[in-house]
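*Asks:* Below is the structure I would like to discuss, written out as structure tokens.
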Amino acid sequence: MVALWTPSLLAVLLSGPVCVALTQPAGLSQPHQSPPLPGLNSSDGSLSVDLPTALRIFSMDYHHVQAPFEIVLWIMLASLAKLGFHWSGRVPAVVPESCLLIMVGLLVGGVIYGVRHSAPPTLSADAFFLFLLPPIVLDAGYFLPGRLFFENLGTILWYAVLGTLWNVLGIGLSLYGVCLLAGSSLGDVTLLHCLLFGSLIAAVDPVAVLSVFQEMHVNEQLHILVFGESLLNDAVTVALYKLFESFLRLPSVSGADVLLGGCRVVVVGLGGLCIGLFFGLLAALTSRFAIRAQVIAALFVFLYSYLSYLTSEMLHLSGIMAIVTCAVTMKQYVEANVSERSNTSIQYFLKMWSSVSETLIFIFLGVSTIQDVHMWSWTFVCSTLLLCLVWRATGVLLLTAVVNKLRRNAVTFRDQFIIAYGGLRGAICFSLVFLIDDFPKKRLFITTTIVLILFTVFVQGMTIKPLVELLEVKRKKRALPTVSAEIHGRVIDHLVAGIEDVVGYWGQHYWKDKFEHFNRTYLRPFLIRKDRQGGSSILRVYQELERREQRGDEEAPPPPLLAEARIQSRPLLPEEMDSIRQILSRNLQNFHNKQTPAYSRHSLHQEAAAGRTGRPLHRHHSLGERNTRDTSTHGPQGEFGQLSSSRRLRSGLSRSHTGTETRSRNTFSRGLTVCSMSLRPVHQDPEVPSQGGPTESSGREDEHESVGRAPRKQINFFLENEKQ
């Protein structure tokens, strides 16, 4: 058996599809011509072996690496396109990033079509929903501003559920009327086909919305309403799409089928919510025991999130709801359990993963536009564009008029206009339209979807920023959050919750207070390690603000007082510079100068884990100085130690960015001047006679101290923490 299989194995190892061979000697006979597959039986039943014609010194097998090689090339193209966009000068301020990426895709698709004379590769629905969409939704859910989202959850659900039903039914029924009026050209489009097309065309894409709205820095309420509505809108549209697709496959649709379909939509949403909650709690519990394997602690965040999405898709539930719920559930517990470096790794990987997926989606949208499957109808295409704008605008106005009666902070008319105008379409409706079963007008649906995507991304995406400036829509505050503001906000929340409890009104503050009590009593002790549960709540607030500042969630302009101080300051003299260099090199150990970069959705703070806590500046003391300092105070924890520790605590928690930095720099400069004066040793001339008994005795004591130890240098640094 070994003798039979050894020649065959050698033939497999030495064979290759493409090779460069050496010249064969003339005396050798040519081998028989046979198929390239080794190990085939010959006519007499024996095992035939295909021997190589010559020794191979170079071979290439592209088909062996074709799939990963092309994937890497597409990712490289997407990354280079994004890099070129950010280095293109003033272009990012005028044109959104999504528009330029689609233009790059159109260019690449045109080149491929011109070279191959065939349609370029398209983005399949499975590749989009299983590989490209989950990273974007996970990034959006993990960095979701929880307070704003849950405070506006009722309004978001109002827009996402009722608004989506309004758009789907309105667009579908109106298009069916247009098809009936058009006559024979569109007469074969049924009502269910129009409703199916209305369900996919009403999907507001969160990828396109995020790429446009986060570049404008609109106010927090408007941003969370648009973002939350686009995020949950997709779950509703996908459920409605699958419902109408099931109706199309039935021979007839009855009233019972419609009722069961409505129940199915509710089950799809709630089922995805429950699965995401389960995997989120499981991820938090797993991270509790990852203390001895911190390297893989960050991996559980991605594994459990992706597993929740795949499980929901397997059970035909809402994967978007599952992954968003999983990310929101596990965030606070995972951040408390894992180390700061693991938190930084999670944040960087989420941003990188979502950015690459988003870039690939927009490029493939442009590439997939170059197709041979287009069918054009002016009536259908123009009617779809007009109906999408009209039904979304009327839906936003009517729903907002109702919800404003229940809100304390009413949605203004300018915000309503931006919400209606910001309904951008993207890859979700593009992927869903290719899943439609074949029928005569499927190519018309594909063409109309591509036109609507290009219109919303290019026309509405490029004009929404000038409209925001023209309407003077309220922008986001760019001041860094402070610990005092967070503490006062919590005090107000507790106060309002107490008032609601007294008057018997169960509002959002009442339920929030009840959940916090349940979380603090049951969930946190069970999901967080004991060594991470202690500590002051103020310290936890400070750490959370540090994480938000590190992610670049806020943008801090330079303080005006500091700018004035810099303008009015005079240049230092050479002697002063030499003195400052000596003092810094001799006395300062850690000096951190931190600058807050401008906000970017695809980047994080440059200082990841270093400099998290305030580090006070110490000076080196000799052994004699330390002993003298300890004996001069009331023990090692004397008054000076208590005073310095309290000052360090205050400086560590101080986060004011108005006048503190200027005051600290002025004090620092005065401290340097005092230090430069006090560093000069004062020597007493031994030949000068003493003026009296006490003076003479004190002089002898000083002389005795100078022999025993080095001269004492009284240097005091009154510094505010530079980590403001």
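Sequential numbering from 1, following the chain as shown.
Here the Cβ of each residue, glycine as well, is placed from N, Cα and C on the backbone.
Small disclaimer: the values here were computed from a predicted structure and weren't measured.
As listed in TrEMBL for this protein:
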- 622-632: compositional bias 'Basic and acidic residues' (COMPBIAS)
- 643-656: compositional bias 'Low complexity' (COMPBIAS)
- 698-707: compositional bias 'Basic and acidic residues' (COMPBIAS)
- 76-469: domain 'Cation/H+ exchanger transmembrane' (DOMAIN)
- 568-627: domain 'Sodium/hydrogen exchanger regulatory region' (DOMAIN)
- 596-724: region 'Disordered' (REGION)
- 1-21: signal peptide (SIGNAL)
- 97-115: transmembrane segment (TRANSMEM)
- 127-144: transmembrane segment (TRANSMEM)
- 156-178: transmembrane segment (TRANSMEM)
- 190-212: transmembrane segment (TRANSMEM)
- 264-282: transmembrane segment (TRANSMEM)
- 289-309: transmembrane segment (TRANSMEM)
- 376-404: transmembrane segment (TRANSMEM)
- 416-436: transmembrane segment (TRANSMEM)
- 448-468: transmembrane segment (TRANSMEM)
*Asks:* Verify whether three or more Cβ pairs under 8 angstroms connect the transmembrane segment (156-178) with the transmembrane segment (448-468), leaving out any pair fewer than 6 apart in sequence.
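*Replies:* Result for the transmembrane segment (448-468) with the transmembrane segment (156-178) is no.
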*Asks:* Looking only at the recorded stretches 156-178, 190-212, 264-282, which one has the largest tally of CB-CB distances under 8 Å to the transmembrane segment (376-404)?
*Replies:* 156-178
*Asks:* Quick one: do the transmembrane segment (127-144) and the transmembrane segment (264-282) reach 3+ CB pairs under 8 Å, ignoring pairs fewer than 6 apart in sequence?
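*Replies:* The answer is no, given that the two segments have fewer than 3 Cβ pairs within the 8 Å cut-off.
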*Asks:* Restricting to the domain 'Sodium/hydrogen exchanger regulatory region' (568-627), report the mean pLDDT as a whole number.
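*Replies:* PLDDT averaged over the stretch: 51.
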*Asks:* How about long-range neighbours of the transmembrane segment (97-115): same chain, 6 or more residues beyond its ends, C-beta under 8 Å?
*Replies:* 77-78, 81-82, 85, 88, 91, 121, 207-208, 211-212, 215, 359, 362-370, 426, 454, 457-458, 461-462
